[in-house]
Amino acid sequence: MKIDVLSIFPDMFDPLRQSMIGKAIEKGLIDFKVTDFREFTTNKQRHVDDVVYGGGAGMLLMPQPIFDAMEEVKKENNGDKGHVILVDPAGRKFDHHVAKKLSTYNHLTFISGHYEGYDNRIRNLVDEEISLGDYVLTGGELASMVIIDATVRFLDNVLGNSESAADDSFQNGLLEEPQYTRPANFRGIQVPEVLTNGDHEKIRKWRLKESLRKTFLRRPDLLEKRSFNKEELDFLDDIKYEESLDSDQ
């Protein structure tokens, strides 16, 4: 996958070159480049922003540097600008499903803004607008990094274990069940016995039930978006009964 980023703070993306993503870059699984669109300004002061027409607080990113930077991206990629993403609070909310969809593109280009916002004409370059949530950051760099990190996890051979992404929270519409490692007893806190007895079917059922329980208690909204088989419905009935007993104590 080719990933281009347009930003006036390219050094902020250096952490993405570490850990698993860094290894994926080294292996050639990801071609990652950040373009400083300040380099494409035409004014002497190298300003990338200007005042808002009609008045108003703050400054807006001007279209010219970003349009010219995008032309450079196209030139470097044989006319391909990629699937262009504008990171903006007004975009659709980012989630697991969006990340998985983005991972199917061969080329992604992120426009990471700053200041008060963008000249609206910049949106003529954009294929999709994405938001991390109902809050505003000082710039789009952090949001772009989150989206990139979550997306590339779905690429083949990026994660060390091919099952890691498949087992993540949200992969099957549920939160991941509680997990444990050695020792089996730590300061009197015991790993559930079912996980140590070697019965794979019992372990599967425990994991499914505890995944449902965790989702029921912490993110019940996820259950509203999901269909269930009979086993899951039976587990949910058990969970609701067990939790009602706990709340009465």
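Every residue gets a Cβ built from N, Cα and C, even glycine.
Given the structure is predicted, the values throughout are model-derived calculations rather than measurements.
Applying an 8 A CB threshold to same-chain residues 6+ apart, the list for Leu132 (S-adenosyl-L-methionine binding site) reads Lys93, Phe94, Ala143, Val146, Ile147. Annotated S-adenosyl-L-methionine binding site per Swiss-Prot: Gly113, Leu132, Gly133, Asp134, Tyr135, Val136, Leu137, in sequence order.
The C-beta environment of Val136 (S-adenosyl-L-methionine binding site), restricted to residues of the same chain at least 6 apart in sequence and closer than 8 Å, consists of Pro89.
Counting only residues at least six positions away in the same chain, the Cβ atoms of Pro89 sit under 8 Å from the Cβ of Tyr135 (S-adenosyl-L-methionine binding site).
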